[in-house]
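What Swiss-Prot annotates here:
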- HIS84, HIS183: heme b b562 binding site (BINDING)
- HIS98, HIS197: heme b b566 binding site (BINDING)
- HIS202: ubiquinone binding site (BINDING)
- 34-54: transmembrane segment (TRANSMEM)
- 78-100: transmembrane segment (TRANSMEM)
- 113-133: transmembrane segment (TRANSMEM)
- 179-199: transmembrane segment (TRANSMEM)
- 225-245: transmembrane segment (TRANSMEM)
- 289-309: transmembrane segment (TRANSMEM)
- 324-344: transmembrane segment (TRANSMEM)
- 349-369: transmembrane segment (TRANSMEM)
Amino acid sequence: MKTPIRKTHPVMKIANTALVDLPSPSNISTWWNFGSLLGLFLTMQIITGIILAMHYTSEVDMAFDSISHITRNVNYGWLMRTMHMNGAAFMFICMYAHMGRGMYYSSYMLAETWNIGIIIMIATMATAFMGYVLPWGQMSFWGATVITNLVSAIPYIGTDIVYWLWGGFSVGKATLSRFFAFHFVLPFVLIALSGVHLLFLHQTGSNNPLGLNSNLDKIPFHSFFSWKDLLGFAXMILIFCTITLTFPLIMGDPENFNPANPLSTPPHIQPEWYFLFAYAILRSIPNKLGGVVALVGSLIIPATMMLTHKSMLQPMSFRPISQVIFWLFCANFIALSWIGAAPVEDPYITLGQVFSMLYFLFFLTAPMINMLEKKLSLKQ
């Protein structure tokens with residue numbers, strides 16, 4: 001029998017091993033759909049972003065008007081803009097769900113894949129932050145000023161780095177131009193990082209809900225999981241289109257409808273909702289350097305999870321205490337996002353400090369909880 005071309009062609013062979021004949025555990029659930037959904041939204045962001053970049057002007061006097069021009073005058077410009085804006089939000093929803101699944105089912109034990117994933121998350125956050133600055137509205141300008149100014153907390157060289165980032169002594173034309181350039185380039189870096197992420201994943205094979213070695217029970221990715229992924233695409237695109245076409249601006253900030261004005265500070269400066277958990281942790285420390293350390297720590301602390309894992313079992317499916325702690329962590333994550341959007345006054349300051357402490361305690365107490373579960377299981 002003739003060998004299919006997908007198995008012999010030099011390029012198609014790579015795609016075949018990654019998407020068609022990839023051996024996959026037979027019992028992976030819908031929670032494993034979010035990886036492919038992230039690929040879908042990244043592709044959509046790049047396509048809509050390139051179209052928007054054709055009409056955007058990275059000049060402080062024209063950036064806000066060019067966004068208005070895209071929305072009003074360009075054919076389907078309003079659709080491209082709202083798709084790009086809400087696509088970023090949906091990408092973060094999928095990313096947090098993807099990471100949550102990894103934490104629940106102990107996918108962090110695949111150390112290389114997990115650590116590359118954390119790098120992808122930080123790079124995605126940087127890309128989204130720079131994109132938020134581009135409309136050059138009030139929240140764009142002041143968000144850029146406040147967040148970049150945090151770098152000045154670095155001893156000795158911090159202030160010089162901030163001026164270097166800004167391209168001057170304040171956020172201005174040079175800042176906008178370089179942020180536009182980086183925002184355009186970084187998604188392609190994300191594609192490369194995603195390729196490395198998949199490369200490491202395919203070296204070890206996917207994790208599964210039981211946390212056991214599934215080499216004896218593997219099935220081809222196509223057609224079993226390709227159809228399953230398509231169902232996930234259909235469901236997520238339906239929700240995405242409903243929001244984009246019905247409530248297109250629900251995830252934006254009303255303050256950003258005002259052009260950037262360096263002489264007028266908004267009453268409450270806040271980033272997009274998907275950064276609010278980290279912003280709340282930053283604000284919970286009264287010291288500037290301490291806040292920056294806590295912010296960076298909140299993003300990189302998941303990298304320690306494979307070091308603190310002391311359980312005999314991998315997934316939390318069979319660890320009831322860890323399950324309770326994990327879902328409390330999820331609730332805490334949502335609470336931190338709420339606090340990040342609240343004004344800096346009591347009781348929000350105190351609540352932010354409590355929730356920030358609980359966020360870090362989830363990671364720090366993991367080995368003790370694992371050992372407690374081990375003792376309880378051995379007693380039985």
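Cβ atoms here come from the backbone N, Cα and C positions, even for glycine.
Scored by C-beta pairs under 8 angstroms, the transmembrane segment (289-309) has its highest count with 349-369, from the stretches 34-54, 78-100, 179-199, 324-344, 349-369. Long-range contacts of the transmembrane segment (179-199) within its own chain (CB-CB distance under 8 A, at least 6 residues past either end) are made by residues 18, 38-39, 42, 45-46, 49, 53, 56, 58, 113, 116-117, 119-120, 123-124, 126-127, 130-131, 133-134, 144.
Taking the binding-site residues HIS84, HIS98, HIS197, HIS202 in turn, the residue surrounded by the fewest other Cβ atoms inside 10 Å of its Cβ turns out to be HIS202. Counting residues 6+ beyond its ends, the transmembrane segment (225-245) has Cβ neighbours under 8 Å at 19, 24, 28, 30, 32-34, 36-37, 40, 79, 82-83, 86-87, 90, 94, 251 in the same chain. Counting every protein chain shown, the number of other Cβ atoms lying within 10 Å of the Cβ of HIS183 (heme b b562 binding site) is 21. Within its own chain, the transmembrane segment (78-100) is flanked in space by residues 31, 34-35, 37-38, 41-42, 44-45, 48-49, 51-52, 67, 70-72, 117, 121, 124, 128, 131, 236, 239-240, 243-244, 248-249, 251-252, 272-274, 302, 330, 333, which lie at least six positions past its ends and keep a Cβ under 8 Å from the stretch.
When the binding-site residues HIS84, HIS183, HIS202 are compared by Cα distance to HIS98 (heme b b566 binding site), the shortest distance belongs to HIS202.
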